[in-house]
Amino acid sequence: MIEHLLAALSPLNLVFALLGVAAGTIIGAIPGLTATMAVAVLVPITFGLPPQSALILLGAIYTGAIYGGAYAAILLNTPGTPSAIGTTFDGYPMARRGDGDLAVSVACLSSVIGGLVGALALLLLAPPLARAALAFGPTEYFWLAIFGLSLIAALSTGDFIKGMIGACLGILMAMIGLSETSGEVRFTFGSQTLLGGIEVVSALIGLYCIPVLIDLVARPDRHLEHPPETRGFRLPEALRILWVERINALRSSAIGTLVGALPGAGGSIAGLVAYSEARRVNRRPPPYGEGNPGGIVATESANNATVGGGFIPTLVLGIPGTPPDAVILGALLVQGVRTGPALFSGASDIVYTFIFGLFLATVLMLPVGLLIGRFAYGAIVRAPKSALVPVVAFMTVIGTFAIRNSMSDVLLMILLGVIGWLCKLRGFAVSPIVLGLILGRIAEKGFVQSWTIGSAIGDLPGQFFGRPLSLAIIAMTALGFIYPFWPRISAWLRRRPAAPRAAQEAPSRARVLLDLGAIGIMAAVAITALVQSAGLGRDAAVFPRTIAIAMLVFCALAALRTLVARIVTDEPSSGSWPRRIALPLVMLIAAMLVPQIGFLASGLLMGLALMVVAEYRPHRPSGWLILAVSVAVAILAFTLAFRDLLAVPLPAGRLF
Amino acid sequence: MKLMTLAAAAFGLIAGAAAAQDWPQGDVQYIIPFGPGGESDITARLQQPYFKELYGKELVISYQPGGGGAVGWSQLNTMPGDGSVIMGVNLPHIILQPARGNVGYQTDDITAVYMFHFTPDAIVVNADSPYQTLEDLVADAKANPGRVTFSGSGKGSANHLAQLLFDEMAGIQTTYVAFGGTGEAVTALLGNQVSAEWGYTTVGKAQGDQVRMLAVAMEERHPAFPDVPTFRELGYDLVSGAYRGVAVPKSAPEEVRKAVSDAIGAINANPEFRQRMLDGGFALIDIPYGEAMDAFMAERKTTYLNAAQRAGLIQ
């Protein structure tokens, strides 16, 4: 063991671990750049390296990228990677109230803990955990996805019915395109763009980030509370939080390791499950979803634990636990390293050196992560709105493009952003839609496979409800769904009137009509899905049809409530309409100009236009010039980094 | 044999060097229309270092997944044809997908310039499975129609087609469960969620003694598995699998098509590369651009379309 530890600590490996973590953190911080892409880009560099060093470099990048996703989640309400969705729930509220620096430090410490627990499990428990992961069949993945969806009860910000409608909408969106389990093309309305389905990361960027940008330009006030003075890393405070949340951190790390070891799940589910559990047992104010640091601890420790966890099936079974693992597996094969049980038992220098390298990278993440986090926080807090908006908007465009090298994805991202913003306005929270979009595919696949196997063996109920692991997940799901309603249920059980709701004034006629209109549109989506399903085969139609019917039922319930009880939940947005409309419009026009004048040219045009849209203070010409130059330099820097460092084929058009 | 390989390698190097004068001008984008970790990705990764060795330029692999490859292929012809972009191409995908529905491209829209390997279909079972031979499995399926379940990668895919054809040949009825890729299908097999897997010889190689292959759909036995019989030996005329190669956009001029074809051929001729491919359970083929490719595609098209029709996959 010791010799492997020493091998991992060679100067070359130390440098690689440090560089890898730093590069990974920066890449992960940019929405759209995922750990998968970061690792894929760097694989060729590793061909010339000894296998151990190559693996350490790749593992360090991966670790850093998963952590880096937390910055955008906390500071821009935009999960940089799907693993960081749960980080937005409490991280962004903390940043809004001026605790963004604290949130970033808490995320860093939690990530280090999660990473260490995951790596420890990889070192000590890999073969048994890999066996355990195999017990998860299609049925268990189906129930696990449903368990993740149970978070909707908590995430729908006070309106459960609208949350469920949003989740159904998300699931139906996930059904778009060529289906894996049936081989049929669904809900594309003849569009080539939709054939491959809605890309999850670009949808995340659109649904989370565009509404933030729209609200940013609506009013002249600052993006985040400005801290009164520089408070450093607020490390003592963060350490105290971690000490209070130590059980949470360890439980979430364990969940992250286990879920990470499941080849069909991955970081997003791990974070959500850990968040859900932390929320259920939390007794400390403020409530989860309103800026409780416990939520960050749960998600960030869980998602970094999936790094070590995901390597378990990758190295033991040769089956990648997560998409970045798949890339690393490919790199290993090129290096001539064959994975499988022999790798652990036999001559396993490479594996153990690699695991110690992972420890090393995780520990290095503490100083590197804190430093970069401090810088990111400072940049976002200090930047004037008129610089922040265009640069972030450009980041969303270039990040979305880089995922599949597709301009159609960019247009779709902006449109989804507008849809998300409108949904939010009418009281349909974005998070349930996103959950539906991510978990819908996993749920459908598991459902159809279980259905097929259950029918074949002639025991459908047994397949879905007779497996012990499934039953355990079902029980946890029931708890997750019921928990948010527990205060009311317990009051009812004790035959006492529930705590009176805050007296609401009767909604105006206009608000009632708008609410009914929004519910009507949702119902129309469900009916469209039903009609379209009629032309599909059984395997392709069963899941979307079920969801569409459920969506209609929820729409009917919501309409009834609005009409009878006169309860309307919505989230009014105030501020300048011209600016709010201009933001997505400028982005759409710029995206459409790309094929003509090129990516950089339209990016610069967009940046300068958005600078004007976002600026409220008057400037002298020299002030405008300085602003314009800084925005242009930032956009140029991003473009060059993407094009030359990451080899993203940005369209050049007629100009540049 | 060895001499011939060497000669082929030498020839490939010369051909590659001649083409290198004008191609590649810079790094070449190699788009894999699938996610990472699959056979297409792994073989591309294996090619990557040899490309650099030949030309001193990078072969930059990127992923454009979606629609079982259809998203990438439907966009291939919108990409620059100057040789800066090449794309992985798979059979039977590009033949069966357009035949089954509108996927945004037709088979003839794809300009394949080199097919470099294939993965033969194989029936794989868990090491602790009661099926010792193919006959055990067939007997069980005859006694219990529909109860024998197979995992496999995708619907309307090479695995699915093989299952349908074999059911017909053996006069049995089994249940095919589609998974999202070979990795997921193998996971289900290892976890005993299904009775067997319709996979490739690569699965047998990657999983070692955790699994057992009952038969391979090749003309002759795979050199890496001398003990595993072919379907033909056992009386079933099944030779099938998935072929992989490289395509260029339609706008690519003749010289570029030729140069790319030569490059892939030169890599295929490298003995070290060949060994690595065989070690991975792949089987190498050499179908270069020109008449050979036209004849190969025409033959494959007839074979797959006939088989798919017989199996009821297409009308």
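Here the Cβ of each residue, glycine as well, is placed from N, Cα and C on the backbone.
Taken verbatim from TrEMBL:
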- A:14-43: transmembrane segment (TRANSMEM)
- A:14-435: domain 'DUF112' (DOMAIN)
- A:55-74: transmembrane segment (TRANSMEM)
- A:102-125: transmembrane segment (TRANSMEM)
- A:132-154: transmembrane segment (TRANSMEM)
- A:193-214: transmembrane segment (TRANSMEM)
- A:254-275: transmembrane segment (TRANSMEM)
- A:350-375: transmembrane segment (TRANSMEM)
- A:387-403: transmembrane segment (TRANSMEM)
- A:512-531: transmembrane segment (TRANSMEM)
- A:520-651: domain 'DUF1468' (DOMAIN)
- A:543-564: transmembrane segment (TRANSMEM)
- A:585-612: transmembrane segment (TRANSMEM)
- A:624-646: transmembrane segment (TRANSMEM)
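When each of A:55-74, A:387-403, A:585-612, A:624-646 is scored by its Cβ pairs under 8 Å to the transmembrane segment (A:102-125), the top-ranked stretch turns out to be A:55-74.
Secondary structure counts, DSSP: the domain 'DUF1468' (A:520-651) has 104 helix, 0 strand, 28 coil.
Among the recorded stretches A:14-43, A:254-275, A:512-531, A:585-612, the one sharing the largest number of Cβ pairs closer than 8 Å with the transmembrane segment (A:387-403) is A:585-612.
Beyond its flanks by at least six residues, the transmembrane segment (A:254-275) meets 66, 81-87, 89, 114, 117-118, 121, 129-130, 132-133, 136, 141, 144-145, 147-148, 151, 288, 295, 298-310, 312-313, 317, 319-323, 435, 438-439, 442, 446 of its own chain at Cβ-Cβ distances under 8 Å. For the domain 'DUF112' (A:14-435), the model's pLDDT averages out at 88. Counting only same-chain residues 6+ beyond the ends of the transmembrane segment (A:624-646), those with a CB under 8 A from a CB of the stretch are 33, 37, 41, 384, 386-387, 390-391, 394-395, 398, 402, 599-600, 603-604, 607-608, 611, 615.
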